[in-house]
Amino acid sequence: MDLVAALLDPGAYPETTGSVTLIQTHISWVFLTDRYAYKMKKPVNLGFLNFSTLRLRHHYLKQELVLNRRLCPEIYLAVLPVTQTKTGVRVGGRGRPLEYLLQMVRLPQERMMDEVAHRGELTLEVMERLVAVLTSFYRNAATGPYISHYGEPGVIAYNHEENFAVMKKLVGEFLSVAEFDTIRDFTRDFLLTQRKLLRKRLKEGRIRDCHGDLHMRNICLANGIYIFDCIEFNPRFRYGDVAADVAFLAMDLDFHGLSDFSRHLVEQFARASGDPDLFILIDFYKCYRACVRGKINALSAKAPEVPWMERERSRKLARAYFSLAYDYARQGARWSA
């Protein structure tokens, strides 16, 4: 049975809906009804994530529900079984589960932060409300010895060197030798000279269970501020310095030509959270985030299964992200408290 095809039937869902639309990523299918979004994980094992069995997919959907309720309790509703009945496939039905779906309230695409910004409707007042949400979130986010371990200078260095091992193979096609060397040298020098500061972050409790994927596309500005779709599949990508989380959004704002908003975000967050050291750290972590986005897009551009038009778009994005990372590396920590 083709379960994906079966779930395109409006009659499969517990609510009445006029249509079902499918959105697909490399790790999930999302079925959009009139009111809700239902996510089903693909049976894949990519090393850094493993959804290869039904048990694992069920586990990570439950993780996704719990973790995202930290910021969106009214959006993330339930994990529901998909079952086979006499009349067909049913979501939330009785019987042996064939799969599981995460049920979420459907958010309006036109209110996603990037769409709002593209229309020129983003305001400093909205940014200040966003800072208030983030400050409260990080203040209450889990921490402790195990989580704090991910803020150790050696662990941070490992993450960067892992990135460089991939980036080195992309030199020539996606970034120049000079760009790669500048980014790598800046990163290594920062880690060497700022070890004392990084250790201070540990003692201050700045290493938290964060969001992990904090960019504009994961923020909805609709009758409130909804920050959704955090990393659930690998805590290594979620545990870290709050500065690294904030830097992701700051970098994304820069990338979209919104540097004034990026600067405002950093300044307001540093003030609200009592974190003047953020100004020293921000370019370091923005450089890292831009490199990660560059790497992801470069790998997509080289994937033969990706349609040609999408590969070309990813190629341009990869070069742009690496160029931005190069700018951060050249500027270094340009702000002081």
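Keep in mind that glycine also has a Cβ here, set from the backbone N, Cα and C atoms.
Lifted from TrEMBL, the feature list:
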DOMAIN    194-274  domain 'Aminoglycoside phosphotransferase'
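Helix, strand and coil counts under DSSP for the domain 'Aminoglycoside phosphotransferase' (194-274) come to 44 helix, 12 strand, 25 coil.
As a whole-number mean, the pLDDT of the domain 'Aminoglycoside phosphotransferase' (194-274) in this prediction is 97.
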